[in-house]
Amino acid sequence: MKKSTNSLPDQPPRWADQLLEWFVAPHLLEYIQGDLHENFHKRVVKVGIARARREYLWAVFHCLTPFFTKRQTIKSSYSNQPSTVMLSNYLTIAFRNLWRQKAFTAINIVGLSVGLASCLLIVLYVLHELSYDSYHAHADRIYRMTMHARMDEKDINLAYSTGPSGQALLRESSGVEAVTRLRKEGAFLVKHRQDIIKEEKVAFVDSNFFSVFSLPMMKGSPKNALAEPNTLVLTQTTAQKYFGKADPIGQSLTLGNLGLFRVTGVCEDVPSNTHFHYDMFGSFESVKTGDKWLASGAYTYVRLREGHSLTQVETISRGFVSKYIAPEIKEFFGMDFTEFQKKGNRFGFQFQPITDIHLHSDLDDELEANSDAKYVYIFSVIAFFILLLACINFTNLSTAGSASRSKEVGIRKVLGSVRTQLVTQFLTESVLLTFFALVLALVLVFLLLPSFNVLSGKQFTVNDLVNGRLLMGAVVCSLVIGLLAGSYPAFVLASFKPITVLKGKLQIGGRGGWLRNALVTTQFVVSIGMIVATIVANRQIQFMQNKKVGFDREQVLVLHDTHVLEAKADAFKAELAKLSSVVKVASAGFLPAGHTSQSVDGVQIQDGARTATHRTKGYYIDEDYLPTLGIGLAQGRNFSKAFSTENASVLLNEAAVRTYGFKNPIGQQISTVGDGSAGSKRTYTVVGVVKDFHFESMHQHIAPLVIFYGKDNNQLALRIQTNDIPTLLQKIEQQWKATTDNPFAYSFLNERFSKMYQSEQHISQLFAVFAGLAVLIACLGLFGLAAFTTHQRTKEIGVRKVLGASVTGIVTLLLTDYLKLILIATLIASPIAGYTMSQWLRDFAYRIDLPWWAFALAGVLATVVAVLTVSYLAIKAALVNPVKSLKAE
Amino acid sequence: MTDHFMRKTILGELEELVLLVVAACNEDVYGIPVMEELQQQTGRDFTISAVHTTLYRLEEKGFLSSSVGGATAERGGRRKRLFALTAAGGEVLLEIQQTRTRLWQSIPQAKLELMGLSANPF
């Protein structure tokens, strides 16, 4: 029935009319619609109802032009005033309003400034990560040549290339402008007069290194400083460390076993955004680099000529394999190149842009552990979310607070304010607020910078913060935030109808209330998600720290660089073993955590007629190693001095036994492939099987391991038993000083173990911090919102109390609204966080199951925090004497 | 001269026609009568929206003035916007008329006869 009343037979189509009313500007509507109707009735008489309606529709569509849709703009009678007058008025009013609503202003500013501060810090971090190596002149033309091979069904991806490859490229490719090489030879004990200092960061570079990389020389010639063998360029800081204020040029230093080096130059310290950080650059000629392609290596950097493409250089480098490497294959592997290839083996070179190394390169033997683009993404997303939360807060609070300003808007409109003026007024307020927040944020960043540096492992200074672009960006960003976050409340307020608001009817609620709830829910979704992420990351780290690793990492002291003792090592070990708190001492160049020697060999297994080769990692240990580290035996025996044949004995771990397919491993024979030559091929008998222990990080499954008998004196491991570690260390140091001049360094196995998961710990700490911030901001928002709604319901609460409601009843009533939102937020956040974190956990071979209670805990935490935030207001409102609340207004 | 030139360029054909119709009408001048008169005089179809747009545009240019008129039942109680010619509107019509007359008169009689247009419309 309703339909027929809506469209009487001689009426034009209702929906066409509605369409017309919707798009035609109000000041034109009445006349055009009147004319259309009049014409319609005339046409009905002339051509009949059906055609008239069709024509009406057609005519309506014809009105769909900018002329009819454009809304009338009212010009204010004040708009001729110079803009500065109005601006100062806007500012004055804005200040007054902000001052009058101190609590709101404070909540708003604090929330936004916390958001801005964390965002600034993250931007600082992300920009630094992205800036790596881009400061070199022609950085876009510099590439690093890397080597990739597949041997014995295992991929090898090396960050360096073979020694002669760079020079060959320079010779044969016209597109290459310069090639420079770098070699690292590990740490050196550097002797200057009587002092010996261990220097970890020593590199040996070609003489043109300083012309390819923009590392300015302060003293000495950038071109010739490193032309001769045994010359050395120091960084500014290192030069100062050794020579103080004296001129370092011409002075000399002894570098370990490489002999005397003459200092020929001083360069500026390597900038932090470089993929290498060396303190000393020796000349490349000082170290031996073989001229064999397969037995030499150097980090090789190539600068292309301008306008030259990489493709040509890549093509030429592909030719190197058959030209130079194939002849050497025969020499090293004893087989033809074709035969070598038939086994699935291959060689190749690749080129990575130098600016990509820090974030995108994860090859073997990188100069430094690189970062990962993943973290840049994660932190960018976090920064975005935090800022989003803060903006939502801002919008939410301003909209909610606008209720108290509806009367003001009414009066202003009655007195002749036009929409634009009101919008400008409110936007001025919000922009002003953002700028206050920005100032506070900058102060916060300034205060937090040291802790942030610790957390992120960077060295930012205030200079990085205030240098031009970032600050400008922050100001522009605040302006945009102020305008964006302020625009919704501004337009809502400005659209109030004066008559309704002056009558005392609030126009907020309905759609606005829905929006505010959605915004608060979003905030809690983000907060809860981050809480879940924090819990999961923490659990995983705890799991890795506490998992039985197969060795006893407590009370193990490791002495570093004990190879310097040379022949005195055995005597020193014997002395240490005499100490009452030292239980056992072992040579421990190979260790499952921290710095360790590396060894990989092909292992051939003869099991009946079956022969198989496996690339297996190896350990070289002495007879004291297993008891010192507390590694258990599963079968057979440990190495022992009592047997003279130990050099032909070997231990396997359980993973190796499984991989090799031994049913009865003791007594089995295995042989190593070596480098292919007959001399390096040796046969061993398995005498024991050790229980699996984690000799690599938990990202990987425990791999097969072959343990040979040998002494690697690079480090010594001491099983100790004492509560007084300082005294013990003192005693050991005395012993050390009596034996050698070299510096004494030590570490504890459990600390080294924890450090393996440092980057995960960093991530988890950062997550915890940002989750905390997210919760804080969300709570501020909730507090503001609750303050507003409770205020709005003052009368309702009064009436309820008069009718006999209890305080608990009222508090519950006020809380339920928010608890509903948090429940919804938990439901939305759980699957998202669950999925993301299960992806993160996939990186670990040994990982926890996603704990279901993490979601519940996050929800409960959010609820508790929310209840604490809101209940103060709710209880306050519930305790008010109804007489007072009913008298209000 | 420039003044004349400018005024003529801002008056389009439809605008000129509408202005003439408004000038010619005796009764209430609003959208419908103008549209009907245009259709009758030219034999072409005009939409109400086009007529309205032109009327408002002429008002903006100052050639027409408008006021609000009475409502009728068939308009659903909606009022009419009534238009009237202003002095400027009259002037511009007169100028157009004069310009055309001058141009017609400058055509040589022989040429007119050649085209079969012997009669001078003015």
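Positions of Cβ are set from backbone N, Cα and C atoms, glycine also.
Under the heading domain 'MacB-like periplasmic core', TrEMBL lists A:105-314 (among others).
Among the features that TrEMBL reports, transmembrane segment is placed at A:106-127 (among others).
The feature transmembrane segment is assigned by TrEMBL to A:375-397 (among others). With a threshold of 8 Å between CB atoms, the same-chain residues lying at least 6 positions outside the transmembrane segment (A:375-397) that come near it are 104, 107-108, 111-112, 114-116, 118-119, 122-123, 125-126, 129-130, 359, 430, 433-434, 481, 484-486, 488-489, 516, 519-520, 522-523, 526-527, 530, 763, 766, 770, 773-774, 777-778, 780-781, 784-785.
When averaged over the domain 'ABC3 transporter permease C-terminal' (A:381-495), pLDDT in the model lands at 83. Residues or ranges marked as domain 'ABC3 transporter permease C-terminal' in TrEMBL: A:381-495 (among others).
The transmembrane segment annotation in TrEMBL covers A:431-450 (among others).
Under the heading transmembrane segment, TrEMBL lists A:470-493 (among others).
The feature transmembrane segment is assigned by TrEMBL to A:514-537 (among others).
According to TrEMBL, the feature domain 'MacB-like periplasmic core' maps to A:567-697 (among others).
The transmembrane segment annotation in TrEMBL covers A:766-790 (among others).
Taken from TrEMBL, the feature domain 'ABC3 transporter permease C-terminal' applies to A:769-878 (among others).
Marked as transmembrane segment by TrEMBL: A:802-832 (among others).
If you look up TrEMBL, you'll see A:852-875 (among others) marked as transmembrane segment. Using a Cβ-Cβ cut-off under 8 Å and counting only residues 6 or more beyond its ends in the same chain, the transmembrane segment (A:852-875) has close neighbours at 524, 527-528, 531-532, 535-536, 539, 775, 778-779, 782-783, 786-787, 790, 807, 810-811, 814-815, 818-819, 822-823, 825-826, 829-830, 833-834.
The helix, strand and coil residue counts that DSSP assigns across the domain 'MacB-like periplasmic core' (A:567-697) are 30 helix, 48 strand, 53 coil. As a quick check, the transmembrane segment (A:106-127) and the transmembrane segment (A:514-537) miss the bar of 3 or more Cβ pairs under 8 A, pairs 6 or more apart, so the two do not touch. Sequence-distant contacts of the transmembrane segment (A:802-832) (same chain, six or more residues past either end, CB-CB distance under 8 Å): 517, 520-529, 532, 782, 786, 789-790, 793, 855, 858-859, 862-863, 866-867, 870-871, 873-875, 877-879, 882, 886. For the domain 'ABC3 transporter permease C-terminal' (A:769-878), DSSP puts the residue distribution at 95 helix, 0 strand, 15 coil.
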